[in-house]
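**Student:** My questions will all concern the structure given below.
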Amino acid sequence: MKQDALSVGLVRVRARFLDELHGRFDRIDELRLQFGNDRCDHAALREIGEIAHKIAGTAATLGFPKLGESATVIDDLVHENGEEAATNDPRLLGLIDSLCATMQEILSQHEANPSSALSKGRSRFR
Amino acid sequence: MKILAVDDDPVILELLVEVLRVADFTNLTICESAKEALDLIAKSTVPFDCFLLDIQMPAMDGIQLTSAIRKLPQHVETPILMITAMSERTYIDSAFSAGASDYITKPFEIGEVHARLRLIEELVMQRKMRDDRNPVPPPRSAQSIATEDDFAKRLVPADIDGVIDYLALENYLLQISRISTFGMQAFGIVVPGMERMFLASSVFEYESAISDIAEAISDTLKPCDFFVAHAGAGEFVVVLTGGGPFDAQRYQHELTAAVEVMDLCYCDGRPLVVRPVVGDALSLQMKSSRGITNTLVQALANAESCVDRPREAAPRSSVLKVLFGA
């Protein structure tokens, strides 16, 4: 009974998460371009880190573990090393691209079949 | 249980509402910034029983918010559970130093949040029952005689670096053990005859003495990284979070000297002679969660076993020499 109530509640939160993910995807895409053109744009990288941090905090709990992992790698890179050191990491742009690709995959899946992305994810309920 | 959750991510707040609701924690208030949280606390006629705080927030972060909440007299012992994506050791150390009671890293397991909140709820209920038994707190004056209950209580002297609640210390170690307890050690400190010394004394005198001893422990351990918790009566447990060998005998002399310098006395001016006994340190490396809890108990038992085994005098030395056996 409680598990059912939780499932219903989580579907609502997943819907909110996916709504937010649209905006976050657009913003990261924009910042990625900005940062790609000017590697000294630490403010852009900081904001990418902040968005990744938020995604990393909820994605896995809501049933999107791959997205959570991609976001966590960027969050760790930017937070632990600082923007300047992260800028010089040769993996950085590839990691941002990979995060964007995972976001896009989930959003496309959701657009094609809204109920699928909302209900099929396995939440971290134990 | 009246809970306040603070996080700048609205999705997390919405998730917490759902997660807590199914576990019947329905008295939940949410807000998106530390400033808003402090306003809500100030305006609240019934105090919150528990706080769930994120760390990374714009303006004032969750660690600064924890410090601010701890400064409020009504929330000195209110459980503060950090729910954060910051899993690095430095954040965990800072959060517990600021007064956090427990720590969960995001992304969290829903069952884990429920389990931690159940423990907090139990603690809150125990404290309420204690307060209900004593609806009018006895005045803390020189005339109030300390009872067995006072001696059994684990105190958290305020505003002393590194001094935290005993349960928070256990939770800190459980959290750190998921990363690494490499080089970490625990040792106990007991003050023999503490109850006897304060049998006919006031609660105020007893609590002041505990606070003074905690201050001496904190001062003599600096500049090392450590946490110290009062374990009831005249017992303390210390966790050294950095590496290096520890010389218990030399530290005991250093601590005794620091306490002597304080010139402690009862309210009527009689001198109070306190002679702390320091037990040998135990490694916390590679311990399971149960092993960590047992080690704290064992550290206190080690110190107790040294009470009747007087140590030889050691030469005076600096704090660093004491801690690292130089």
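Using the three backbone atoms N, Cα and C, a Cβ is placed for every residue, glycine included.
TrEMBL lists B:2-121 with the feature domain 'Response regulatory'. Residues or ranges marked as 4-aspartylphosphate by TrEMBL: B:D54.
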**Student:** I'm checking region-level scores; what's the whole-number mean pLDDT for the domain 'Response regulatory' (B:2-121)?
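**Tutor:** PLDDT averaged over the stretch: 95.
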**Student:** Show which residues of the chain containing B:D54 (4-aspartylphosphate), separated from it by at least 6 in sequence, have their CB under 8 Å from its CB.
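**Tutor:** Spatial neighbours, sequence-distant, of B:D54 (4-aspartylphosphate): B:V6, B:D7, B:D8, B:D9, B:I12, B:G62, B:M82, B:I83, B:T84.
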**Student:** Of the residues in the domain 'Response regulatory' (B:2-121), how many are helix, strand and coil by DSSP?
**Tutor:** 57 helix, 21 strand, 42 coil
